[in-house]
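K.L.:
So that we are looking at the same thing, I have put the structure below in structure tokens.
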Amino acid sequence: MKIFSAQQIYQADKSTIQREQITSDVLMERAATQLFEWLHSRLRGTQVNVQLFCGIGNNGGDGMVLARKLHEHDYSIKVHVVNYSERRSEDFLLNLERLKDMKVWPDFINKESDLPQISPNDIVVDAIFGIGLNRAPDDWVGNLIRHINNSRAFTLSVDVPSGLPVDRNPWNSEYVIRASYVLSFQLPKLVFFLPETGIYVNQWEIVDIGLDPDCIAKTDADFELMGRPEVLPMYRPRLKFSHKGTYGHSVIIGGSYGKIGAVQLATNACLSVGSGLVTAFVPKCGYDSLQSAVPEVMVLTGSREKSISEIEIPFEPSVVGIGMGIGLDDDTVSAFGSFLKKSNSPMVIDADGLNILSQNPEMLKDVPRLSVLTPHPKELQRLIGEWASDFDKLEKTKAFASKYDLVVVVKGAHTITIYNGKGYVNTTGNPGMATAGSGDVLTGMITGLLAQGYLSVEAAIFGVYLHGLAGDLGASSMGYEALKASILVKHIGNAYSELFRQPEMEQKDNAH
Ligand SMILES: NC(=O)C1=CN([C@@H]2O[C@H](COP(=O)(O)OP(=O)(O)OC[C@H]3O[C@@H](n4cnc5c(N)ncnc54)[C@H](OP(=O)(O)O)[C@@H]3O)[C@@H](O)[C@H]2O)[C@@H](O)CC1
Ligand SMILES: Nc1ncnc2c1ncn2[C@@H]1O[C@H](COP(=O)(O)OP(=O)(O)O)[C@@H](O)[C@H]1O
Ligand SMILES: [K+]
């Protein structure tokens, strides 16, 4: 699913109105009717107080329509107009009149007003600001927002949490609604997925308001949300008359004394994701443990006991995954540098492999184009430098990836794969995966997918999705805390099955 900027959403809105030859208030009615249906299907007439806080723009207009519909269905409502500007939108005014026609009288909150009482048992509808927010809310509006947050009432935000801009970080983190649930129109917003701004969104769901599909299809988006429908078509089926050579020979290079487990996890994951053959290249101290822990893996060793000081592979690997647990010894660094110089095909670089690149940026030109780099936030910072915000981080990563023609996997709760100026936002995974070695598993998986012929960017996107899915399946059976990297590996097979599960077997629940 594409992720649009505010301008692109306004454009789709305009194009829908033109194409369907409707007025904008019809679209507002359609959008808010969906909000009503959502709430009504859950409340089913329960007598709970619904307090609606509506701004004076179209987001507030949506709130007005919702208020009218709730009133028509005998819900107990209280409507507040947050009167932050004289420039009211036409559709807001129209729907304010329609509400008054039904003898519902909103109270107007302005700078001087007392804050309304909100009980923790109320339902708050937050329709103060939508995607039109373009500057910091005034302090009195910010205080109202803080008051709503402190009420502990269930807060349903219309389109976006009020106070959260869609293209930058908030001016004041206190002046943003912490939404229990966001019903967002048509397309998800990038801010829902970034660590600094995703915290305002507990759960979200898309409400389809029928924006012009042609316009959406034709518009190039900088970011895309990668759910099952986007990822499934990337799958490359196994062929009946195939053999292990068909699926490539992966080589995993890494490990040092005390860090052989990283290679064990990566090789195991590489095999489980389907690589035909897997060889590990480790220092001598890793030989016995690897041979006994992963019998399917072939093991090569360097000449030293505890670290890698030269890298010689006596055959042409389909793909190399390098860096996990490899350490930063001088000899290891120079072995890594010479290995890069003689490598021509895309590889996967992780962990200390990335740290070596950060410390020796002249090596970057030798990284084969279309290689996949998998930094966690610290490693990314060492590679591209400090950033001012998540938005800045993504822009800098895009520039870095384009400069060297690489795929960069920005790992996190919503891992974002960056390639060729675009970002692909992952939807699977959970906090149980914040555990030692889960990154090594990912590196092994992406390596194994490249070995099977996936293109670099697809191997990264597909691998990240499958890795998160394995984590979700692992967590569903054992919870977050007990999830370990080796359990992720065990669930790779189940993750494939889950990917192919027929849609009709799924629960119809779009919430995230
Ligand atoms: N897209 C769609 O398909 C559909 C969208 N719909 C809905 O429309 C919503 C967008 O509505 P919107 O454009 O009227 O903007 P909204 O967020 O209500 O803000 C109102 C105005 O406030 C102003 N303003 C900004 N910041 C401010 C501040 N800090 N303090 C004070 N004022 C501030 C600014 O005006 P300005 O003063 O800059 O002229 C802004 O225009 C969208 O989120 C969705 O809910 C649906 O109805 C149907 C289909
Ligand atoms: N809160 C989270 N939600 C979802 N996935 C997470 C979360 N925290 C970490 N992960 C995932 O776990 C992996 C951690 O990688 P990394 O930090 O390199 O671990 P390690 O170095 O221990 O192998 C990444 O793929 C990341 O996306
Ligand atoms: K809102």
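Keep in mind that glycine also has a Cβ here, set from the backbone N, Cα and C atoms.
TrEMBL: automatically predicted annotations, no manual curation.
Grabbed the feature section from TrEMBL, which reads as follows:
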- 9-217: domain 'YjeF N-terminal' (DOMAIN)
- 58-62, 130-136, Asp159, Ala262, Gly325, His376, Asp440: (6S)-NADPHX binding site (BINDING)
- Asn59, Asp126, Ser162: K(+) binding site (BINDING)
- 227-499: domain 'YjeF C-terminal' (DOMAIN)
- Lys411, Gly412, Ala413, His414, Thr415, Gly439: AMP binding site (BINDING)
K.L.:
Please list, in sequence order, every residue of the chain apart from Lys411, Gly412, Ala413, His414, Thr415, Gly439 whose Cβ lies within 8 Å of the Cβ centroid of the AMP site.
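P.N.:
The answer, listed by sequence position, is His376, Val410, Ile416, Asn426, Gly429, Val464.
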K.L.:
For the binding-site residues listed here, His376, Lys411, which shows the highest count of neighbouring CB atoms within 10 A?
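P.N.:
Selected residue: Lys411.
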K.L.:
If you count, for each of the binding-site residues Asp126, Asp159, the other Cβ atoms lying within 10 Å of its Cβ, which residue has the minimum?
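P.N.:
Among the binding-site residues Asp126, Asp159, the lowest count of other Cβ atoms within 10 Å belongs to Asp159.
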K.L.:
Other than its own, how many Cβ atoms are within 10 Å of the Cβ belonging to Asn58 ((6S)-NADPHX binding site)?
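P.N.:
Total other Cβ atoms inside 10 Å, all chains included: 26.
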K.L.:
List which of the binding-site residues Ile131, Asp159, Lys411, His414, Thr415 have their Cα within 10 Å of the Cα of Asn59 (K(+) binding site), in sequence order.
P.N.:
Ile131, Asp159
K.L.:
Cβ under 6 Å from an atom of ligand 1: which of these binding-site residues qualify? The list is Asn59, Ile131, Ser162, His414, Thr415, Gly439.
P.N.:
Asn59, Ile131
K.L.:
Can you figure out which of Asp126, Ser162, Gly439 (the binding-site residues) comes closest in space to Asn134 ((6S)-NADPHX binding site), comparing Cα atoms?
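P.N.:
Nearest candidate: Ser162.
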K.L.:
Among Gly61, Gly412, Gly439, the binding-site residues in question, whose Cβ has the most other Cβ atoms within 10 Å in this structure?
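P.N.:
Answer by Cβ density within 10 Å: Gly61.
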K.L.:
Can you work out the mean pLDDT of the predicted model over the domain 'YjeF N-terminal' (9-217)?
P.N.:
97
K.L.:
When the Cβ positions of the binding-site residues Asn58, Asn59, Asp126, Ala413, Thr415, Gly439 are compared with the atoms of ligand 2, which fall under 6 Å?
P.N.:
Ala413, Thr415, Gly439
K.L.:
Using DSSP with the three-state reduction, classify His414 (AMP binding site) as helix, strand or coil.
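P.N.:
Once the DSSP labels are grouped into three classes, His414 (AMP binding site) ends up as coil.
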K.L.:
Please identify which of Ile131, Ala413 has the densest Cβ environment, defined as other Cβ atoms within 10 Å, among these binding-site residues.
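P.N.:
Going through Ile131, Ala413 one by one, the largest Cβ count within 10 Å is at Ile131.
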K.L.:
Can you name the binding-site residues among Lys411, Gly412, Thr415, Gly439 whose CA is within 10 A of the CA of Asp159 ((6S)-NADPHX binding site)?
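P.N.:
Those close enough: none at all.
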K.L.:
For His414 (AMP binding site), which residues of its chain lie six or more apart in sequence with Cβ-Cβ distance below 8 Å?
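P.N.:
Same-chain residues close to His414 (AMP binding site) (Cβ under 8 Å, separated by 6 or more) are Phe193, Leu194, Gly198, Val425, Asn426, Thr427, Gly429.
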K.L.:
So which other residues, same chain and not among Asn59, Asp126, Ser162, have a Cβ within 8 Å of the centroid of the Cβ atoms at the K(+) site?
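P.N.:
Sorted by sequence, the hits are Phe53, Cys54, Gly55, Gly60, Gly63, Ala127, Ile128, Phe129, Gly130, Ser157, Val158, Asp159, Val160, Pro161, Gly163, Ile177.
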